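*Asks:* Below is a structure I'd like to ask you about.
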Amino acid sequence: MYSTGLTPKRHAECVAFGIAGGELALSAFLVLVFLWLHSWRRLFECLYVSVFSNAVIHIAQYCFGLIYYILVGLTVLSQVPMDGRNVYVVGKNLLMQTRWFHILGMMMFIWSSVHQYKCHVILGNLRKNKAGVIIHCNHRIPFGDWFDYVSSPNYLAELMIYVSMAVTLGFHNVTWWLVVTYVFFSQALAAFLSHKFYKSKFASYPKHRKAFLPFLF
C-alpha cells in the first residue's frame with residue numbers, strides 16, 4: 001500500500017467519498033488544465049473577440065487580477081499533496097483513476113466555456129459590422145443564447161466554470177467551494193451593476209430578463 005501524502009483524517013474523508021490518492025492527483029491535474037485553458041481562451045477573446053471602450057481599470061485591479069490567477073493555481077496544488085508515487089499512479093493508470101465526477105466536471109466545463117465564448121462573440125459583434133470591422137463603441141442591447149434569460153450570461157458562465165472545477169475535485173473540497181463563493185458574489189455584483197445600467201439606458205430593455213440567475217435574480 002503506497003502513501004497518499006494525506007493526513008489520516010483527510011485520508012478517511014477521501015475514502016468516505018471513494019477518492020484515493022491517485023484520483024485526487026488526477027482531479028488536481030484536470031482542474032489545473034481547466035484553469036490553463038480558461039486563461040488562454042480569455043486572452044484570445046480579449047485580443048480578437050471583445051471590443052472594449054476607452055474606459056480603463058485601476059492599476060490595483062490589474063495587479064489583483066494577476067495575483068488572483070496565480071493564487072488560484074496554488075490553491076489547487078495545496079489541496080492535493082502530490083508525491084512521486086501519486087504522480088506515477090496517475091500517469092500509469094489514467095483510465096483506472098477516472099471517476100464519474102471527472103467526466104461530469106469536464107462536460108460542465110466545456111458546456112460553460114462554449115456558452116461564455118458565444119456570449120462574448122455576441123457582445124463583440126454589437127460593435128462590428130457584418131465584415132467584422134469595428135464601427136463604434138456604443139452600448140446596445142444584446143440578444144441570443146443566455147442573453148434571453150439574464151443581462152450578464154458571461155458572468156453566469158464564469159460561475160459555472162468554477163462550479164465545474166468543484167465537481168471535478170469530487171464535490172467535497174471545502175476550500176474550492178470558498179473560491180466558488182467568492183466568484184459568485186463578485187460576478188453577481190458585476191451582473192447587478194450591468195443590469196442596472198441596461199435598464200437605465202434603454203427604456204425598451206426586456207423586462208423578463210434577470211441580472212444574473214435565470215428567473216431568480
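Any Cβ shown, glycine's included, is placed from N, Cα and C.
Feature annotation from TrEMBL assigns domain '3-oxo-5-alpha-steroid 4-dehydrogenase C-terminal' to 97-217. The transmembrane segment annotation in TrEMBL covers 12-37, 57-77, 98-117, 174-193.
Could you give the neighbours, burial and distances for every feature on this list?
*Replies:* Looking just at the domain '3-oxo-5-alpha-steroid 4-dehydrogenase C-terminal' (97-217), the mean pLDDT is 94.
Same-chain residues lying 6+ beyond the ends of the transmembrane segment (174-193) with a Cβ under 8 Å from its Cβ atoms: 31, 72, 75-76, 78-79, 150-152, 155-156, 158-159, 162-163, 165-166, 211-212, 217.
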*Asks:* Cβ under 8 Å, sequence separation of at least 6 from the ends of the transmembrane segment (57-77): give me the contacting residues as numbers and ranges.
*Replies:* 28, 31-32, 35, 39, 175-176, 179
*Asks:* So, by DSSP, how many helix, strand and coil residues make up the domain '3-oxo-5-alpha-steroid 4-dehydrogenase C-terminal' (97-217)?
*Replies:* 75 helix, 4 strand, 42 coil
